[in-house]
Amino acid sequence: MARRLIGKVACWGNGDYGRLGHDCAKSLAVPSLVPALINQKFLSVACGGAHTAAVAVDGSVFTWGLNDHGQLGHYTHQEFSMQEPQEVFLPEAAVQVAMGHSHTLFLTESSSVWAVGSNMHGQLGLRRRGGQEWVPRRVQDLVGTKIIGIAAGAQHSLAVSADGELFTWGGDTRGCLGHGRSSFAATQDESAPRLVKKLKGIMVQSAAGGLMNSGCVDANGAAYFWGPYLRQSPLTKAATEANEPEVLSGVQNVKQLALGGRHLVALTHGGRVATYGTSEYGLLGLGSSDPPSPFQPTLIPDVSLEQVAAGWQHSAGVTSDGQLLTWGWGGSVGSESGLFPDQTSAGGQLGHDNEFDYWKPTPGNVM
């Protein structure tokens with residue numbers, strides 16, 4: 001992926017549960033092609049809490065990694081994890097996959113949405129909460145709606161329709177579904193897709209999910225963001241939150257939004273990159289060993305990208321000539337301690353053949 005290998009899948013970083021697809025749990029500090037997929041071409045990849053997916057040019061989907069809640073969609077209760085990619089059998093070709101901490105969404109060519117894995121907070125959209133699904137289930141409440149894009153947060157899900165509507169469902173941790181607060185509701189979780197009414201009349205084009213946040217971009221290039229804010233209030237020093245979408249000030253003409261654990265990355269149509277959130281570990285890519293966390297998105301100087309992605313505490317981007325840049329935390333978090341892990345294990349997810357933090361977008365190693 002750091003050189004021009006069209007349609008190939010490479011993985012690197014923490015190898016717990018076989019999430020790298022190399023038939024072992026070994027961590028890799030540089031990009032390495034996934035052996036089982038080397039003879040096929042792929043359109044996109046997705047990463048979850050400890051599981052991974054790839055969508056091939058023919059619409060087939062392969063998943064691998066942790067399977068403790070059935071999030072791989074392989075119709076089996078027996079395999080706790082899978083170290084080698086296996087195909088997920090869907091009724092038709094897939095065009096996109098999105099992954100949360102322990103659940104997976106599939107968007108197929110007929111605009112159908114399918115879900116599998118943990119349903120603890122209703123994140124599968126099946127009109128019930130609890131348990132898990134080992135077989136991909138169709139999200140019936142979206143039947144008849146043309147869905148053009150999906151996204152997943154840790155325990156919530158998002159879908160964008162061709163009419164520019166945004167639907168969210170699952171765990172409403174600190175307002176990340178964007179429906180506002182109701183003092184009469186026993187729970188704020190939603191077990192079925194629900195229209196985000198605050199965005200009525202706005203043509204949403206894409207959505208993004210983070211650990212406990214959500215965001216979207218409209219047809220005019222405005223970005224919206226909700227859930228707990230990624231920084232502290234400058235006055236109270238306490239974390240603040242928004243339980244309905246708010247315009248993300250400080251950046252315009254946005255093309256793509258990516259959300260991580262405690263930071264976001266906004267990419268403009270002109271290729272500029274703005275970041276927002278905590279400055280720890282170089283998450284913002286602003287080039288200082290100890291910069292203050294800004295209170296609105298700040299442009300990274302001298303960087304132009306075509307696509308961006310955000311992980312738990314690191315980010316990546318691809319330039320117009322296919323070069324991969326990464327920045328942020330170079331260590332790794334193990335999966336054993338759950339959704340909010342505090343144990344560290346071998347990492348190297350920045351792809352620089354070490355576990356150092358990088359405070360500026362930096363080219364990765366070639367394969």
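Yeah, the Cβs are placed from backbone N, Cα and C, and that goes for glycine too.
Remember, TrEMBL labels are computer predictions, not curated facts.
What TrEMBL lists as domain 'RCC1-like' is 9-363. What TrEMBL records for 338-367 is region 'Disordered'. Summarising the annotation, TrEMBL assigns repeat 'RCC1' to 7-58, 59-110, 111-163, 164-220, 271-321.
Summed and averaged per residue, pLDDT over the repeat 'RCC1' (164-220) gives 91. Across the repeat 'RCC1' (111-163), DSSP helix (H, G, I), strand (E, B) and coil residues number 3 helix, 25 strand, 25 coil.
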